[in-house]
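Quick look at what Swiss-Prot annotates:
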BINDING   Cys60, Cys65, Cys68, Cys80  [2Fe-2S] cluster binding site
BINDING   Cys154, Cys157, Cys160, Cys221  [4Fe-4S] cluster binding site
BINDING   Cys164, Cys211, Cys217  [3Fe-4S] cluster binding site
DOMAIN    17-98  domain '2Fe-2S ferredoxin-type'
DOMAIN    145-174  domain '4Fe-4S ferredoxin-type'
Amino acid sequence: MSDNERTIVVRVLKFDPQSAVNKPHFKEYQLKETPSMTLFIALNLIREHQDPDLSFDFVCRAGICGSCAMMVNGRPRLACKTLTSSFENGVITLMPMPSFTLIKDLSVNTGDWFSDMTKRVESWAHSKEEVDITKPEKRVEPDEAQEVFELDRCIECGCCIASCGTKLMRPNFIGAAGMNRAMRFMIDSHDERSDDDFYELVGDDDGVFGCMSLIACHDTCPKELPLQSSIATLRNRMLKVGKSR
């Protein structure tokens, strides 16, 4: 073992809402830090050697699936992309993300929220044209394809929702993920909906007009999506529709 290795302390808020006797409490774990150790690696070592009951989510381990998002020292992050060495004092406090239903410990149900959001903004291409799978796909200009791709990189991790002050106060708020999803289809030429159609979906206080422009979503997005400009553009377009009514 190298003399340069240090011992880190990981504090986890543990709670099983399905238990009649379990109460929320912090539990501390100490472990030796290794080079390039991520929180994901640390949590796996804790579960393997210290606490097999510890619950947290992961799938890809590469910042692609978004499953391992959690509150790290008060900020939503992906465990698989967060190095333990980035915390100088070696003390890391982990909690489940707010605004989502708690499953157990660090595991939350983001799936139901994103499923509901998908239905609310009707996030699929709307077209009056009858589908004909024998036809060549409609040509899309490279600039448009790039703009759509940029907004479509969302991995549904929930970091933007967990960091949103409006979401904490307004449970039905659609959040940055919902507004970004709406904008993604507004700029897609495959979708034939008008701005008026989108206004019916996101043109209220639970939609784009509920945003307080704190931009925590933009600051915490692990994929660095252009949420600030996306939300601003959506708000301007919805404002024009509202004024015309």
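Along the chain as shown, residues are numbered 1 onward.
Cβ coordinates come from backbone N, Cα and C, glycine included.
When the Cα atoms are compared, Cys154 ([4Fe-4S] cluster binding site) and Cys65 ([2Fe-2S] cluster binding site) turn out to be 10 Å apart. The list of residues near the domain '4Fe-4S ferredoxin-type' (145-174) in space but at least 6 beyond its ends in sequence, with Cβ under 8 angstroms from a Cβ of it, reads 63-67, 69, 71, 75-78, 97-100, 108, 110, 113-114, 117, 120-121, 180-181, 183-184, 187-188, 202, 205-207, 210-212, 214, 216-223, 225-227, 230. When averaged over the domain '4Fe-4S ferredoxin-type' (145-174), pLDDT in the model lands at 96. Ranking the binding-site residues Cys157, Cys160, Cys211, Cys221 by the distance of their Cα atoms from the Cα of Cys80 ([2Fe-2S] cluster binding site) places Cys157 first.
In sequence order, Ser99, Phe173, Gly175, Ala176, Leu214, Ala216, Cys217 are the residues of the chain that are 6 or more apart from Cys164 ([3Fe-4S] cluster binding site) and have a CB within less than 8 Å of its CB.
Non-local neighbourhood of Cys60 ([2Fe-2S] cluster binding site): Ser67, Cys80, each in the same chain, at least six residues away, with C-beta under 8 Å from its C-beta. There are 25 other Cβ atoms within 10 Å of the Cβ belonging to Cys68 ([2Fe-2S] cluster binding site). For Cys154 ([4Fe-4S] cluster binding site), the Cβ neighbour count at a 10 Å cut-off comes to 18, with all displayed protein chains included. Cβ neighbour density within 10 Å is lowest for Cys65 among the binding-site residues Cys65, Cys157, Cys160, Cys211. For the pair Cys157 ([4Fe-4S] cluster binding site) and Cys211 ([3Fe-4S] cluster binding site), the Cα-Cα distance reads 20 Å. Shown are the binding-site residues Cys80, Cys217, Cys221; the one with the most C-beta atoms within 10 angstroms of its own C-beta is Cys217. Apart from the site residues Cys154, Cys157, Cys160, Cys221, the chain places the Cβ of Gly66, Ile155, Glu156, Gly158, Cys159, Ala176, Ala177, Asn180, Cys217, Thr220, Pro222, Lys223, Leu225, Leu227 no farther than 8 Å from the centroid of the site's Cβ atoms, the recorded [4Fe-4S] cluster location. Taking only the Cα positions, the spacing between Cys221 ([4Fe-4S] cluster binding site) and Cys211 ([3Fe-4S] cluster binding site) is 16 angstrom.
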